[in-house]
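Structure record follows, encoded as structure tokens.
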There are 4 protein chains.
Amino acid sequence: MNLTESDLAEIDAARGQSATTRRATVPALEAMLFTPVPVLDHGFVRVIDYMGDDAAVVQAARVSYGRGTRKVSEDEGLIRYLMRHRHSTPFEMCEIKFHVKLPIFVARQWIRHRTANVNEYSGRYSVMDREFYIPAPEHLAAQSASNRQGRGEVLEGAEAESVLALLREDAERNYAHYEAMLNEGGADPDRRGLARELARMNLTLNAYTQWYWKTDLHNLFNFMSLRGDAHAQYEIRVYADAMLAMTRAWVPASCRAFEDYRLGAAQFSATMLAVLRRMLGGEVVEQAASGLSKREWSEMMAMLE
Amino acid sequence: MNLTESDLAEIDAARGQSATTRRATVPALEAMLFTPVPVLDHGFVRVIDYMGDDAAVVQAARVSYGRGTRKVSEDEGLIRYLMRHRHSTPFEMCEIKFHVKLPIFVARQWIRHRTANVNEYSGRYSVMDREFYIPAPEHLAAQSASNRQGRGEVLEGAEAESVLALLREDAERNYAHYEAMLNEGGADPDRRGLARELARMNLTLNAYTQWYWKTDLHNLFNFMSLRGDAHAQYEIRVYADAMLAMTRAWVPASCRAFEDYRLGAAQFSATMLAVLRRMLGGEVVEQAASGLSKREWSEMMAMLE
Amino acid sequence: MNLTESDLAEIDAARGQSATTRRATVPALEAMLFTPVPVLDHGFVRVIDYMGDDAAVVQAARVSYGRGTRKVSEDEGLIRYLMRHRHSTPFEMCEIKFHVKLPIFVARQWIRHRTANVNEYSGRYSVMDREFYIPAPEHLAAQSASNRQGRGEVLEGAEAESVLALLREDAERNYAHYEAMLNEGGADPDRRGLARELARMNLTLNAYTQWYWKTDLHNLFNFMSLRGDAHAQYEIRVYADAMLAMTRAWVPASCRAFEDYRLGAAQFSATMLAVLRRMLGGEVVEQAASGLSKREWSEMMAMLE
Amino acid sequence: MNLTESDLAEIDAARGQSATTRRATVPALEAMLFTPVPVLDHGFVRVIDYMGDDAAVVQAARVSYGRGTRKVSEDEGLIRYLMRHRHSTPFEMCEIKFHVKLPIFVARQWIRHRTANVNEYSGRYSVMDREFYIPAPEHLAAQSASNRQGRGEVLEGAEAESVLALLREDAERNYAHYEAMLNEGGADPDRRGLARELARMNLTLNAYTQWYWKTDLHNLFNFMSLRGDAHAQYEIRVYADAMLAMTRAWVPASCRAFEDYRLGAAQFSATMLAVLRRMLGGEVVEQAASGLSKREWSEMMAMLE
């Protein structure tokens, strides 16, 4: 994470500002506000703004002045109930805005979450940064033999060295050519400079971009559930993990309910439930007689371990 | 607008709270926070929470740390440029949450705006309020003769009296029957009480409901543009107007751009533009030779008046 | 379901039309096309149009010309895999359009599904039908004593009779007053007629409306999962059930996967999984020592029955 | 556009299939179905499926069986009315599905249109194609001097040659290294092969990807309006143009209304309207006394030329 002096000064200035508000305020998140948390080699996530807290979820679920709505339970009980029964709209009443620096190939996965607001740094308008993601040696994984979209063991020795060298050299060479084609400031008086919107196509997919990304708590949970999952690519999972830590500070009760009922939960199909009932009845069930495919069987066994 | 003592006490308590925050804060909107603004006979709108300000629009458009992005213009100039060129994503970076009390037939139009978050008071779970919208005499309009979905002149005399009496009596009788069917608290020991989710079907469409409604600034502008339009039904337009006043306090520069480029703007079709060019060239153009239908012609003339 | 002669003639005409197409076509759904299936006392659902079939899900998941994508499994296996692992985008590649007649209070729940396209019959522009939902005696349920938003036993005797009479009389009276206020065709020469957009507010929430509703298969599954659930109100559940039968005809393999992995499935929280593992290990677990609340415990036991 | 023998055979097979349907069918679009239309050097667009036609827009706007809705005008008149008055929901009732091959930097702009369904070829799962976009000499533009996100004149001579050589060499070298890192099929027995999801980051942003993209007619119009605009980047505009030709074949009346009221239309702000009125009144208005900025003034003059 390479921030310039002026970037750091801007962050300090933002952190130094202070105002009085009647709005719901969360001191634990205020403490984190604006500070970038490093992710990968040059990326980061930082919270820029937020709206609401755990109480806002409860307040929206009840709607104020509601005659007939007595406080049947503690707030956390209501939050857990809402999460368990998929009443998602109260969680939509909280909103958060992040500033994220991330490799382009990660951005391409991330943007698939459509219920969010995004402003990305524009390579048509501005010059892209000279920063690329190069995996740490321990994340330089071989193709998985069993899972077409997964990773196997870590590459080692000469192959690892050669891969890292190729990634680094290609990214740097392509960036140098990008700069040459741009000819910003007329460095080479014999060139007119290629349009930025064209030159950027020479960059590699591990080049870093950045954006403002804003979403509501329900859709943030969806994001963290899908991208924090073991099947997600490591390079996006680390962003989901960093955001989970921030979400815990922001809405602790909602986040506990999310971790219990969704992140740590498991879904059993109708067929799996039938197997489960036989097992709980004391029967020894084998895959062949379970009605499940081998793959489903092993997925079910994994859920029970 | 009939608020109970306990509602008013809750509002006062909310207005009395105060915290320190590093977030963008707008004093003019803070002053309005939580206070209901009356709309129609028993409805209201009040701001519950907000995120961002004019500067947040600018900051998102530029994305921080953007090398190559120099301040080419004042913030307001940039905001006007974004609005004029339909760059809508920076306006999505501001968010606002309202609490609204409104008649059900208005709620049914309002909910068609899909890009928003909503929590409505539940008639399955709670008892609905005994409040109905009865038009003020000056809004009791006859069916328009020329416009199938519009209003004509105001009803007067015996017809007006009879209509108001019917609306009032039917709403009150139906509510009384609703209450009787519910038999809340076992008032009538010989009844078990109809399920709330069924009894509510006896209410009329002018019964009031309420909800929390949260949206981003871009979609709020869309709402105000469509529902604040002269073609919108009066009963929803008054809500749009009340929200426009709040939006002016919140994001004055964005709101000025919206009023200039959208609310007060007019769209000329390709054919209309051709007519306009002929007129500006000094030609006297008649409808028959304009290429426009009579209806389009009169719409164009109205835009130029 | 009261269709006029001209409605029936229009349906017959639509069913009589025939064209040749290169598009994916599903004979079992073609057979149902345009025919209304009765729901509740005056409502219906009918399929108006559709796009895609089970094979379209598979084709989208694979994207054509994809080098490196060999057919590792049967199509149904792939569909089951996609459903199990929440790969929802291939199911979005199928689209279906319904014409639905439904009570307004049901429409108000239905419209909360935002990812859909809707055109509703306009009470501003047209006169509403004289049709109201009156529950069949066996669905006239008392308020549940244990569940604030649920139903208890069926009402009987004098209370049932009185409730049905109230519902019927109020709906009919209010409609008669609606008609009188409209004064369509100048029936009463002394009245000018109230604007349609105002008069409709006198109708009750069990009045029928109708709309065209179009959505993709993924969001249709979401709808059927939430509204076909035992916790959903009976009056919307019957629509979900009718649509499920149509979906089975349309995309049988996708629908089987949906019924196995979602409709008939159950989600166990992290805490419930821990309990399950102890039970499968032969331990006798009691609620008190389970880490689950009483409510969660009974929900878990219900899932295992 | 390089299609393999097997791709072409699959297209021929799809075009050869034929079925009978009761659905709305558009012969002019059927004739185009499945056939790829070349865009850029290796890209294409082809229609895979569609739902509805011009009549479906009309039918949805009217909702069948609507008492009180008489045919006041021809279908095209209604379609024009809907378009002019921003009644967008009837246009949402038509749906179309495309298969598109496009450079990744174009895909990154395209995906910003959120109201669409997308299935993209997966570089985690499959090996990417060896195809890159290299601009034709006449589109190799210099950076615009006046517009930070625009293009200026075409590069010529040595600079053009050098830029084209760099783009070509870098894309090819990076792809060769991608293949080497993958080591598919164990070509090099001393390598294990880097995971596909990692290796792809070495590709350049002009590498081609492909996806299935499905949207409704209203959102297709939005896409074509924004991306077919003169301010859009040339490389995405050519896709919008190709799709416009297909849309004309599909829904000719809706498309005519779109071209008149939106594509060829111009929006005048409140301030511009005031200037227009003065001009039409015979006054000679200068920028300085217009209330418009220089930039707005020149934009207004451009609209009137």
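Including glycine, each Cβ sits where the backbone N, Cα and C put it.
Feature annotations, reproduced from TrEMBL:
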type	residues	note
BINDING	D:T89, D:R112, D:H113, D:R114, D:E120, D:D216, D:L217, D:H218, D:N222	FAD binding site
BINDING	D:Q109, D:W110, D:I111, D:R112, D:E120, D:Y121, D:S122, D:G123, D:R124, D:R200, D:R227	dUMP binding site
ACT_SITE	D:R227	active site, involved in ionization of N3 of dUMP, leading to its activation
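Features as recorded by TrEMBL, highlighted on the structure.
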residue	record	DSSP (3 states)
D:T89	FAD binding site	helix
D:Q109	dUMP binding site	helix
D:E120	FAD binding site	strand
D:L217	FAD binding site	helix
D:N222	FAD binding site	helix
D:R227	dUMP binding site	helix
Filtered D:T89, D:H113, D:E120, D:R124 - binding-site residues with C-beta under 8 A from chain C: D:T89, D:E120
For D:I111 (dUMP binding site): intrachain residues, at least 6 apart, with Cβ closer than 8 Å: D:V118
Sequence-distant neighbours of D:T89 (FAD binding site) in its chain (C-beta under 8 A, six or more apart): D:A60, D:H218
D:R124 (dUMP binding site) and D:L217 (FAD binding site), Cα-Cα, nearest whole angstrom: 32
Fewest Cβ neighbours within 10 Å, where candidates are the binding-site residues D:R124, D:L217: D:R124
Fewest-neighbour residue among binding-site residues, criterion Cβ within 10 Å, set D:H113, D:R227: D:H113
Separation of alpha carbons, D:Q109 (dUMP binding site) and D:N222 (FAD binding site) (Å): 14
Residues from D:I111, D:S122, D:R124, D:N222, D:R227 facing chain A - binding-site residues, CB under 8 A: D:I111, D:S122, D:R124
Neighbouring C-beta atoms (10 Å sphere around the C-beta of D:E120 (FAD binding site)): 20
Distance [Cα-Cα, Å, rounded] between D:E120 (FAD binding site) and D:Q109 (dUMP binding site): 14
Pairwise Cα distance for D:H113 (FAD binding site)/D:R227 (dUMP binding site) [Å, integer]: 10
Pairwise C-alpha maximum, in angstrom, for the residues (D:T89, D:R112, D:H113, D:R114, D:E120, D:D216, D:L217, D:H218, D:N222) that bind FAD according to the record: 27
